[in-house]
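Enquirer: This structure is in structure tokens; I'll ask about it shortly.
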Ligand SMILES: NC(=O)c1ccc[n+]([C@@H]2O[C@H](COP(=O)([O-])OP(=O)(O)OC[C@H]3O[C@@H](n4cnc5c(N)ncnc54)[C@H](OP(=O)(O)O)[C@@H]3O)[C@@H](O)[C@H]2O)c1
């Protein structure tokens, strides 16, 4: 692995760039002290970091950044609001996040889910998005976006928006291709970049499917780019679609494996199609089950 190979970036609709591979502190790290594991991830070359107010680890993530010794300017940081605490405004919670993260401005701030902001229907959701637009105008966030937004949620905020979300962070992998086809097309039409979490689900959450290795699915053996793990191939598949891959691990070896994805050649069009074909007709959702399609 050459950690000197820069992580590729995708251009966002506000002119900023997002590193196409991120490392998250949800899942197993939810509500944990992530100081040491964050420092390890950064030292392994993973510098796009995902947290959320709901994960309750923004402060220890900041400690991890400090411990790593890597300058803040080399880190891409994002957090999200999931729920508005009683008596607080969205701006209050953004400022609290920035204080915990020990920064004045964040690279990307997201609404974690539309669900908690639909109190009085679409007007509440539109008001929440307006608060993010104001935070961006004030310089508290360089980019703003959403997470787990379906087409109707996006349509509602775009009715009154002055800023189009830069990113929509959603669960996405080959076994959600059919369920998200229209959503992906809609986001592409609006210039919203997709950031995918749960991208490694075919590897370990939904085993016995057509993307399992060893055969029937054998893309590792036929990958024109040479030797790669199945996880690396699934990340390359997301990149080929212009999708940011947000994954996680606590293990140094896997951090290095994820980082080393950057040194691998792109999948060929046929390899992308082979994974699309294997995923089509399958359905597996690990998060927001029963709520999202
Ligand atoms: N916006 C949202 O609503 C939302 C929802 C969920 C997640 N997220 C964010 O997205 C991040 C990533 O989410 P995710 O957990 O869904 O990512 P994922 O990439 O699908 O899964 C990561 C898990 O895969 C395991 N793993 C990695 N390589 C493996 C392999 N070769 N074989 C078997 N297991 C392997 C890791 O386990 P080890 O630790 O053992 O390596 C880790 O627990 C989260 O941390 C969070 O920041 C956001």
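The backbone N, Cα and C atoms fix where each Cβ goes, glycine too.
What TrEMBL records for 55 is active site, proton donor. The feature substrate binding site is assigned by TrEMBL to 112. Under the heading domain 'NADP-dependent oxidoreductase', TrEMBL lists 27-278. Residues or ranges marked as site 'Lowers pKa of active site Tyr' by TrEMBL: 80.
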Enquirer: Give the number of CB atoms, excluding that of residue 112 (substrate binding site) itself, located within 10 Å of its CB.
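Expert: I get 21 for this one.
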Enquirer: Look up the residue listed as 'active site, proton donor' in the DSSP assignment and report helix, strand or coil.
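Expert: DSSP assigns the residue listed as 'active site, proton donor' to helix.
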Enquirer: Per DSSP, residue 80 (site 'Lowers pKa of active site Tyr') is which: helix, strand or coil?
Expert: strand
Enquirer: At the Cα level, what's the spacing in Å between residue 112 (substrate binding site) and residue 55 (active site, proton donor), rounded?
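Expert: Counting only the Cα atoms, the answer is 11 Å.
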Enquirer: Just to confirm: which same-chain residues, 6+ apart in sequence, have a Cβ under 8 Å from the Cβ of residue 80 (site 'Lowers pKa of active site Tyr')?
Expert: 51, 52, 53, 54, 109, 110, 111, 112, 147, 169
